[in-house]
Every structure is written in C-alpha cells, then in structure tokens.
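Chemist: One structure is given below, represented as structure tokens, and several questions about it will come after.
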Amino acid sequence: MSSFFSWILNYCSDLLKLLGLMSSVKGKIIFLGLDNAGKTTLLHKLKSNLIGAYQSTTTPNKESIEISSTCSVEAIDMGGHDLARQLWKQYCIDVNGIVFIVDSMDRKRSQVAAKELAKILNDPDLANVPVVILGNKVDNPQAMSEFELCCTMGVSHLRTGPTKGVNESNPQRPLEVFMTSIINEFNITESIEWLVSKIK
C-alpha cells in the first residue's frame, strides 16, 4: 500500500514540475572568491532581486534559489577572507557547480585570486564539477577586460565556450568566463543558467 502512495506522490510531483507549478532541485552550487568580490551581493540578487551593502561573510550563507519556474538550486555563499578560505575545501564536498567571482577592479589581489582558483581547478575531487568564473564590476571603466582577466586567472586555454560541453585542453569539466555587473544585472542570468545547464 505504501508503494502505491509513493507512486501517487511521485506522479503528482512530476506532473506539477512538468506544468511548471513546482520547482525541481537541480543541485548544489557554491559561491567562491576573495572578499569584496560580490558573492553575497549575487546571492541576494538571485534570491530576492535586492542589491545592498553587505558585511564580509563570516559564516557560510545557504539559500534556495529559483533559476526558473521549474528549476531551483541550493546555493552556498562562502567568505573570501584568509580564514574563511581554509573552509572552502570542506564545503565543496558534493557540490554540483562552482561560481568563482573575481573583482575585476582589484588588480592588486588578482594573483591571490588566481592562486585560489588554481587550487580548485587542480583538486582531483572537483575534477568533474562545472565552473563558471565571473569577472564582476565591469560597470566600472577601470575594470579588467575579459582578455586580461582570463590571462591573469590562467584559464584562457580551459574555456569550453558558452554552449559547448568540454574542450580538448580540458576534457573533464565545463568551464566558462562571463564578465558581469551584479548591480547592472549584466550577464548574471546568462552565467548562472549556463552553469545550471552543465550540472548533470
């Protein structure tokens, strides 16, 4: 009898998802990057369409975010200061996608950001996890160009393109770079939808 009720529940759930009346959870994504890159701002923008001034993240923030009427993800916003970065590894366990945000105005710390990104990309436990890199704050004319950001982060040869799955230099994971402005909503939807589309 319980299997019948289980079947009914699953059937109704599938029907609601098909009709767009209920979101299916696609997976878990994590927001990484140095402090002041825009991780918390992005989380709140995606969650409630609000932009504000936020304190540096001291403890991980977790939110359920609707990507579309039929898809939602669990998002984890990690702090980016020195001590918080030591926790990244343990929170990356079982993630389905990584959003790495770079402050494209912060050239002084760009090598630190590149080093942290390299740790993620070289971690064998994350070898198959799709990564989207956001060069944030391009609304400022002094921001890095896409070319400069890719060279600084060392990912030019790893990019898989906005629609492709993988490339020959990087056969294990989809990886793409989007230049963004969270404040101006530039490339935010496109970048997150790209990442979610690569989650298996």
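Indices start at 1 and increase along the chain as displayed.
Here the Cβ of each residue, glycine as well, is placed from N, Cα and C on the backbone.
Predicted automatically and left uncurated, TrEMBL annotations should be read as such.
Straight from TrEMBL, here's the annotation block:
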- 33-41, GLY80, 136-139, 182-183: GTP binding site (BINDING)
- ASP35, THR40, THR57: Mg(2+) binding site (BINDING)
Chemist: Provide, as an integer number of angstrom, the distance between the C-alpha atoms of THR40 (Mg(2+) binding site) and VAL138 (GTP binding site).
Modeler: 17
Chemist: Across all the protein chains here, work out how many other Cβ atoms are within 10 Å of the Cβ of VAL138 (GTP binding site).
Modeler: 22
Chemist: Long-range same-chain neighbours of ALA37 (GTP binding site), Cβ under 8 Å, sequence gap at least 6?
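Modeler: ALA37 (GTP binding site) has long-range Cβ partners GLY80, ILE101, VAL102, ASP103, ASP106, ALA113, ASN136.
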Chemist: Give the number of CB atoms, excluding that of ASP35 (GTP binding site) itself, located within 10 Å of its CB.
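Modeler: There are 17 of them.
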Chemist: Minimum Cβ neighbour count within 10 Å among the binding-site residues THR40, THR41, ASN136: which residue?
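Modeler: Sparsest of the binding-site residues THR40, THR41, ASN136 by Cβ contacts within 10 Å: THR41.
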Chemist: Would you count the other C-beta atoms found within 10 angstroms of the C-beta of LYS39 (GTP binding site) for me?
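Modeler: Neighbour count, Cβ to Cβ under the 10 Å cut-off: 30.
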